[in-house]
Amino acid sequence: MKLKGEAVLITGGASGLGRALVDRFVAEGAKVAVLDKSAERLAELETDHGDNVLGIVGDVRSLEDQKQAASRCVARFGKIDTLIPNAGIWDYSTALVDLPEESLDAAFDEVFHINVKGYIHAVKACLPALVASRGNVIFTISNAGFYPNGGGPLYTAAKHAIVGLVRELAFELAPYVRVNGVGSGGINSDLRGPSSLGMGSKAISTVPLADMLKSVLPIGRMPEVEEYTGAYVFFATRGDAAPATGALLNYDGGLGVRGFFSGAGGNDLLEQLNIHP
């Protein structure tokens, strides 16, 4: 047990990668608080893990909800050693040309409020506890934080923003809090899309990612969600990762070394925009 006696707060921890992280961190001996919007899934977590998990219903877009989560984690477990801002939505690779003008502002706000502001809120709310424990923050990024075509412009821009956030906060919070990021790859999960684009009930598990990634990734398959959790355990383990801050870990099956399949992503733009030169 690498994390025995540690206290962890995870946002978006009731499904997908977040759920796998909860399971792994509990297995490593940690106590885990989870902020999530689904009361039903939080209840399942508490049933499965008993006193090792505290479920907190809330919205990551609300600073007050994030502060309540931090307060309840400290009240229950005495501290916060590791914060994992993880809640997010995906834009289902909706290209700029396909974004409806009437929905663009709302979609931008929704993606950035959850995927970026929600992360900033989490750190702001937990900062006193993290400084007190000489703790660490591990941001869930995505391969879209490093390469194009891991999403549309909204998702890709949001994830690139998190890369900048890792670097800035690693500087601002040193030497008291370490800040790192994990750029995971495709996951078969319940990850939803923006409600403002009519994708609020659409899950990424409906996309045939396994077949797509099998021919793209150098490792020849899509990793199982549980396989991503080891990187987070590494960064959270004080004895193993004490020198690590500002680190960005590409953890996506080798996507960055696969080479390019096409030099241009806009080969169909003329047809899409009905332009006839």
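Glycine is treated like the rest: Cβ placed from N, Cα and C.
As written in Swiss-Prot, here are the features:
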ACT_SITE  Tyr155  active site, proton acceptor
BINDING   9-36, Asp59, Lys159  NAD(+) binding site
BINDING   Ser142  substrate binding site
Checklist line | Conformational class of Gly29 (NAD(+) binding site) under the three-state DSSP mapping | finding: coil
Notebook entry, point to check: Per DSSP, to which secondary structure element type does Leu17 (NAD(+) binding site) belong, with helix, strand and coil as the options?
Noted result: helix
Item checked: Local Cβ density at Ala33 (NAD(+) binding site) - other Cβ atoms counted within 10 Å -> 25
Notebook entry, point to check: Do you know which of the binding-site residues Gly13, Gly29 has the most other C-beta atoms within 10 angstroms of its C-beta?
Noted result: Gly13
Checklist line | For the binding-site residues Leu9, Leu21, the one whose C-beta sees the most other C-beta atoms within 10 angstroms | finding: Leu9
Next item on the list: Would you mind reading off the Cα separation of Leu9 (NAD(+) binding site) from the residue listed as 'substrate binding site', to the nearest angstrom?
Entry: 20
Check: When a 10 Å sphere is centred on the Cβ of Leu17 (NAD(+) binding site), how many other Cβ atoms does it contain?
Finding: 24
